[in-house]
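As given in TrEMBL:
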- 612-625: compositional bias 'Polar residues' (COMPBIAS)
- 459-705: domain 'Histidine kinase' (DOMAIN)
- 604-625: region 'Disordered' (REGION)
- 1-24: signal peptide (SIGNAL)
- 186-207: transmembrane segment (TRANSMEM)
- 214-230: transmembrane segment (TRANSMEM)
- 250-269: transmembrane segment (TRANSMEM)
- 281-301: transmembrane segment (TRANSMEM)
- 313-334: transmembrane segment (TRANSMEM)
- 341-362: transmembrane segment (TRANSMEM)
- 374-392: transmembrane segment (TRANSMEM)
Amino acid sequence: MPIYCRPVSLLATLFCLLCHTLYAQPIVLNNPNQTYFIFENCAAFHVKPEQKITLDSLLLHPDKYPFSPITQKTIQADANQAYWFRVQLHNPTSYNYFLRFFYASDMLVKMYEVDSNRHVQTGQIDFHGASTPDLFQRGQSILPLKIEQGQTHTLYFFVPHMGIPKLHMGVMSSLNLAKHVHYDDLLNGLGNGFLVIVAIYCLILSIRLRDRDNLLFALSAVLSLTVVLSTRGTLLEWPGQWPITLRDNYGIHVAISSLLNLLFTFSLLQLKQQTHWLYRIGVGLCLLIVFFMVVVLSIRLSGQDDRALQTLLGSLSAFASVLFNIVASLIIAVKGYRPGLFYAIGQTVFTISTTLFVASLYGALPFTFWHRNGTVVGTFVQTVFFILGLTYKVNLLKKNHEESIREQLRLTQENQHLVENQNRVLEEKVEQRTAELKASQAQLIQKEKLASLGELTAGIAHEIQNPLNFVNNFSEVSTELVQELKEEAQAGRTDDVLAIADDLTQNLQKITHHGKRAGSIVRGMLEHSRASTGEKQSTNLNALADEYLRLAYHGLRAKDKGFNCTIQTDFAPTLPPVDAVAQDIGRVLLNLFNNAFYAVHERGRNPGGLPNVQNSNSYSPTVRVSTRSEPGKVVICVRDNGTGIPDGIREKIFQPFFTTKPTGEGTGLGLSLSYDIITLGHGGSIIVDSQQGKGTEFIIELPVP
């Protein structure tokens, strides 16, 4: 071989060796307990924007698309960059192997399994999990491989939008896969279960105590839990469309969770009371998140692709809320508010764990078990410190409440002493005022009695005048007859003496009759003026009503000679006697009769000044008194066609000191005393029925024994 040909041959041999290295060194799956992270062993091909490369193109023209090892090529995390990746796997064992993606981001990854340039199967991983009908495999982002024992297959991966610089995937045997899924489920189950228990407990506390802090924390914990489960893909294991819909609205989901976290921060740290300017910044941040949520939602409802905006909204809202929460809690903690310290520690730990997760996601740290589950650990620690903050706040409020109660007890005791002193002073004054009131009341009642007695006296004077006139007239006539008797006796005319003696006897009988009549009137007056003994006796109400009716009428006529009134009586002849205090019942009847005569007298004097009354000369004053017997009671009715009682004051007429009469004509105690006598003294009732301008009727009901 010529000397100049040796370098060329050497280069060709080296190129063939390199090519053989790229294709001939598959990953040997000889340990079923090992997880093979295959991305570092992949070869990559960068797809230019103008290129459209399919799997058939790669298989038919392998020399046209040179793949470079990942270790020799920088993968750019750019959503506008597309890559093909390739790796070979050899299975010398009898185990079935699976490809698992440890983090299902919003990137689309299409997997093609090839056996000796023959396309075996296609799989896909995207935001909705794995393209498999098995719900568990879909949620866990697992694609089954068809590498039989002794076979070597090539896996091609196409990523049209390289959002992160690494594909976190591993090949596992069924045995190893079950073990890793078990560990993941155990950790996530403990963390998420703890969060669920805490959320339920806080929700119960918020309902029982009506506490806003616990309610907001419970809601925030539930939303945070759904975000974690959605991110991990656990919700995709549930049947139905709702888990996919929830992941499609991932940004809005995270934004709502961030809003609840901010509201919980406002409430727990008492930002509005502690730092008003910081509270205003937080409110502005909430409004900004709501605004972007509305924008993203409107874009989604219009049918446009909002995946990038959803990711941006979720990332920015989460970052902004966490940053604000840390700054706010540190400021509040510096002011000495201890719950702020617990809150700051919890938020800081969560932020650090999330940062480690993101760093491992982008390749800055190894994507280990604890790194990829950092959000679960961070959420767990954050929840513990949040609970400590809530507990401390509750204890602080309880302590302040107990101090407030002690202060209230002290003030209550002081007030109690003051009240006792004031009560003693007031009791003394009340006793004094009560004595004065009783004296005044006795005087008023006596005045009413005297007024009633005055009206009765006028009637009695008018009644007694007639028998006195008869007595005087017959006395004068008898004096003349005595003188004639003497003359006839001296003259010896015995017949004339006897005749004169008979006339004198008749005159004396008439004098005796009218004297007894005057005596009975005087006795009735004395009985009315005396204080009632309160002893009930069998009483004839017909006779009592008739007597006091005449006395009332003559009393008014004594004041006004021109007064005339038609009196109608309808006394039931079989009216049974009742047990009553006759003087008290007579006083009641006299008061009602006087009011009736007063009403018809006023209407007769001024008929045109009353509503519903026409000025007519045909008005005839009438007072009607009737009695009747009903089962278990007797009824006395006093009706007049006088002025009537206005509706506005009808309910007040039985109140003490209320009167419609002009000043000096009534004390306002007549109907009040009458009401007490009938209802309290005799167990009866007194009812009024009146129409203004037409008349009034009082109905008295008294029980019979």
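Glycine residues also receive a Cβ, built from the backbone N, Cα and C atoms like all the rest.
Against the transmembrane segment (313-334), stretch 250-269 has more CB pairs under 8 A than any other of 186-207, 214-230, 250-269, 374-392.
Of the recorded ranges 250-269, 281-301, 374-392, the transmembrane segment (186-207) has the largest number of C-beta contacts under 8 angstroms with 374-392. Sequence-distant neighbours of the transmembrane segment (374-392) (same chain, 6+ residues past either end, Cβ-Cβ under 8 Å): 187-188, 190-192, 194-195, 198, 202, 213-214, 217, 221, 224-225, 228, 231, 268, 338-343, 345-347, 349-354, 356-357, 360. Averaged across the domain 'Histidine kinase' (459-705), pLDDT in this predicted model comes to 79.
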